[in-house]
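**Student:** Marked as active site, acyl-ester intermediate by TrEMBL: 72. Annotation comment: TrEMBL describes 75 as active site, proton acceptor. Per TrEMBL, active site is recorded for 132. Under the heading substrate binding site, TrEMBL lists 234. If you look up TrEMBL, you'll see 43-264 marked as domain 'Peptidase S11 D-alanyl-D-alanine carboxypeptidase A N-terminal'. According to TrEMBL, the region 'Disordered' annotation covers 388-467.
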């Protein structure tokens, strides 16, 4: 047999180059094998739940009562208490709320407004639910409860009244705190209650995008604008929780609610939720263990920490917007995943969603009225820019009796009535200049030159970006 000859080396090329090429090729094969193995290995599935929105019947449940870090789906409870405040007459959609130093200092995702900026309740709700703005959650909490701590007490009181036995809240936005916890079942109870009690406010959860001046912020929910019949709700992400979503959709005379917790990416979260909706709408006989009220007790006492698998070594914390702006089709490596312990993981491997259609952005604004100058808006990349305005008024809503949480835990009267006690003729602001009300021209010049205080900086020790 003729022996194959090694190709001749180029002139001046040392024989050692072949050894290096062999070693490099071997390392490349090892790396590809490891990557392929990781893709083929079944991912640890987190809690999931599918329920009929109207009857409360559970169609599918996986670890649905186990505790989990809620991340930004916490904002559903913040919205719930805010809607109660609107209905009770404590607040109106056009009520102005002031951005505090505490609100301005929270870490992203946020709008980035400086302390002193005014935002209406309506605009704060839209920014919180669409962009997942953490600062707007604090603004609403302080507006409804007087302080974050007082509002957290209201959140826990409401959770107890709703029978959310695995839930406890420490802040209104879901930023990392060991005291924040919930479960898929509790989130389903909250979402179902809110949509049944406040159908007139359901539009807040399905807005595709909001526009502040020239900036457009897309909804972080990857199903909105992609999945037929989706009616919205809320996403969440921190490293410790993974990617969470509470979503609702309607088809014909059926309305379904899906909860997915602990997905490994925004794409995975969206595709799992879409597959669960597919199965729920296609199989009217699909049934699980009874109703939301009869699910079994949790199998663990504390939420697992997903940090290592979601944001491990070499992987920075990702924000909600960045995750959802990625293409919403499964990647080639994701499509290799075929296994899993549940009956919905296999269909996910081949599931895709179309790109979002043209977004119908809803205008939002800062200030008490459209066109008011946003003179205190932080000017930096990714946030609203100085001077941006937009033009949309919120429709007035009818009022009705509020929740027990609002009756028992009242906002301090002094803060609640502070804006009403201001005399509008005392000081008027226009384009950042002081109008009559100053005692002298020297006083006006001093006011004009006085530098504005800078908001507190980001928490540099925080390793998670919520959204």
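Cβ coordinates are placed from backbone N, Cα and C, and glycine is handled just like the others.
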**Student:** If one measures from the C-alpha of residue 75 (active site, proton acceptor) to the C-alpha of the residue listed as 'active site', what distance in angstrom results, rounded to a whole number?
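**Tutor:** Residue 75 (active site, proton acceptor) to the residue listed as 'active site', Cα-Cα distance: 8 Å.
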**Student:** Can you check what DSSP calls the residue listed as 'substrate binding site', collapsed to helix, strand or coil?
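**Tutor:** Once the DSSP labels are grouped into three classes, the residue listed as 'substrate binding site' ends up as strand.
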**Student:** Could you give the Cα-Cα distance between the residue listed as 'substrate binding site' and residue 72 (active site, acyl-ester intermediate), in whole Å?
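**Tutor:** Their Cα atoms are separated by 8 Å.
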**Student:** Most Cβ neighbours within 10 Å: which of the active-site residues 72, 132 is it?
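**Tutor:** Per the Cβ count, the most surrounded site is 132.
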**Student:** I'm trying to understand the geometry here, so how far is the Cα atom of the residue listed as 'active site, acyl-ester intermediate' from the Cα atom of residue 132 (active site), in Å to the nearest whole number?
**Tutor:** 7
**Student:** According to DSSP, does the residue listed as 'active site, acyl-ester intermediate' fall in a helix, a strand, or coil?
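**Tutor:** Going by the DSSP assignment, the residue listed as 'active site, acyl-ester intermediate' falls within a helical segment, counted as helix.
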